[in-house]
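In case it's useful when we look at the structure, here is the feature table from TrEMBL:
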type     : residues : note
DOMAIN   : 525-648  : domain 'STAS'
TRANSMEM : 145-162  : transmembrane segment
TRANSMEM : 174-195  : transmembrane segment
TRANSMEM : 207-225  : transmembrane segment
TRANSMEM : 255-276  : transmembrane segment
TRANSMEM : 283-304  : transmembrane segment
TRANSMEM : 341-364  : transmembrane segment
TRANSMEM : 376-395  : transmembrane segment
TRANSMEM : 415-433  : transmembrane segment
TRANSMEM : 440-462  : transmembrane segment
TRANSMEM : 474-497  : transmembrane segment
Amino acid sequence: MGHFGDGGTETKEMDIRSLSSSHHQHLPYIHKVGVPPKQNLVKEFTSTVKETFFADDPLRPFKDQPKSRQFILGVQAIFPILEWGRSYNLAKFKGDLIAGLTIASLCIPQDIGYSKLANLDPQYGLYSSFVPPLIYAFMGSSRDIAIGPVAVVSLLLGTLLQNEIDPTKNAVDYWRLAFTATFFAGITQATLGILRLGFLIDFLSHAAIVGFMGGAAITIALQQLKGFLGIKSFTKKADIISVMRSVFGSIHHGWNWQTIVIGSSFLAFLLVAKYIGKKNKKLFWVPAIAPLISVMLSTFFVYITHADKKGVQIVKHIEKGINPSSVGQIYFTGDYLLKGIRIGVVAGMIALTEAAAIGRTFAAMKDYQLDGNKEMMALGAMNVVGSMTSCYVATGSFSRSAVNYMAGCQTAVSNIVMSVVVFLTLMFLTPLFEYTPNAILSAIIISAVIGLIDYDAAILIWKIDKFDFVACMGAFFGVVFASVEIGLLIAVTISFAKILLQVTRPRTATLGRIPRTNVYRNIQQYPEANKVPGLLIVRIDSAIYFSNSNYIRERILRWLTDEEEQLKAAGHPQIQFLIVEMSPVTDIDTSGIHALEELHGSLQKRQVQLILANPGRVVLDKLHASNFANLIGQDKIFLTVADAVHTCSPKLAEEV
């Protein structure tokens, strides 16, 4: 804590007199705090709106351009491919071709498995890696993101849809609700982009996302035990207790040893391949093609051994041909419309959060700008079109995007290459997957979702912020022990709770003078900082709003009470000036002004003068508009804490 120094009262009086004499002889120049010029209301409102919704100044390229050029720029803004496509060459295509073929080999087996997470037939996963990537390639601004179904969104969608309709008893209505949810997921994403509300997805904190993703990965892996162990009768609940009860309840009559051998063998193969790729970045293609090799080998093995006759469950029929139209199957009226909207908004936001995180990661690695609002519109458009072509919610896949990046992709053409391969698969190769064992799809999904459990991030969160760690663990345990929806609700609730806590209970600090300087800092951070006799200097580290104004007033008075009690006990002079450092106060509202007026009244009763140091333009403007500046006196507002101390200290010395 700060200190006053040693010595008796007589010595202190001599020091203060000499300080007073010194100050009168060498009083430093104190700059007057200027009254901000009146702002034009329309200009101020326009400036606020622009900073809130158009901080990136998207219309800058259109300035001083002829109408024809503006039209071209407008079309290029909607379809970025028309801009970068002009400089596209054979060298770039070579990189995109290799990357596209590599991610196609990864996506085909993953899509078949992920469709099962959504309780949909295998072809719907392939459909979702055909049309959406094509739309994104024309409208997206990321060069590296690979589009398609992902594990977390598939599980979330499957869980929410299953709560409304049983996929086995009423498959047609289930598909229709899936397409409806996908349509409104796309509408949600596109609307956020058009209205430039992308900042809303930032309300789900990084810690909550880490916990949610980790919990979802555990849940997905547990769900795969049905196919991995060959269990036919399995719980429809997703929580770990129900799943484990179902698994061990089937141990004597439900497990199939042939299925377990196939699943275990290829899971080991996939994990070894992943380890090789992680250890040697040049061998990135090994884990990328390992799933397809696993599918080919296991399918061939089942076919020649007739293992399907011995209880090994297989994929069976996959519909051949490209996506059929599903426009007529989307619910635009009826009871399922609102359910489709609700599910679509939730799935769309989660898909958007994942895609935004992936896009930013790779854009930073390659040092290029990613337009978040364009990304939202691109993702929204591809899901709207996808819903009309028998697709379910697609987004950026981290595993595929990482492979895409390491394979040397140059542009979004790699997504087009992947789509072409999926198209050829749908047209000609789907019969080859008929004997693919479900166990291999489970093994592929388990190996893929293991990467979603980010231990290092959780440990780092614990080291940095314990409250963030609570949010992380809350989301994690919510997903694992309850359900995906509960985990998501906990993640959102804790994220908002943290925001509310920071807004309603801002940090405050008492300041002291760093020795041999005119710098005043937090005495808890700098124990060597000295308090100034007769002065209490307090800093408010937040804007002052209706939500925190009473707390700030009460906290300052509590600082003052505690300080006066310590001074009285030590026999030191009482506080006569309270200096409030307002540099961090970015804004103040009427409740904040009222709280300052009440603080001023309370201080007058204690014969303590209120001093303000360095209020910003916005704050100072409101202090003058409310007449608070005249209430405390214009001479009680200073440019810096040092100016305030220099002015108040001589007065104290004279009085002593």
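Every residue number used here counts from 1 along the chain in the order it is shown.
Placed from the backbone N, Cα and C atoms, the Cβ positions cover glycine too.
Automatic prediction, not curation, is the source of TrEMBL annotations.
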Quick check: do the transmembrane segment (283-304) and the transmembrane segment (440-462) share at least 3 Cβ pairs under 8 Å, counting only pairs 6+ apart in sequence?
yes
Do any residues of this chain, six or more beyond the ends of the transmembrane segment (207-225), have a C-beta under 8 angstroms from a C-beta of it, and if so which?
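117, 151-152, 155-156, 231, 238-240, 243-244, 247, 353, 357, 442-443, 445-446, 449-454, 457-458, 461, 465, 468-469, 471-480, 484, 487-488, 491-492, 494-495.
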Under a Cβ pair cut-off of under 8 Å, which of the recorded stretches 174-195, 255-276, 341-364, 415-433 contacts the transmembrane segment (376-395) most often?
174-195
Counting each residue once, how many in the domain 'STAS' (525-648) are helix, strand and coil under DSSP?
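Reading the DSSP string over the domain 'STAS' (525-648) gives 63 helix, 21 strand, 40 coil.
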Between 0 and 100, where does the mean pLDDT of the domain 'STAS' (525-648) sit?
94
Given a Cβ distance threshold of under 8 angstroms, which distant residues of the chain, six or more beyond its ends, lie next to the transmembrane segment (341-364)?
142-145, 150, 152-153, 156-157, 160-161, 164, 177, 180-189, 192, 198, 201, 204, 209, 370, 372, 375-376, 379-380, 383, 393-398, 401, 405, 485, 488
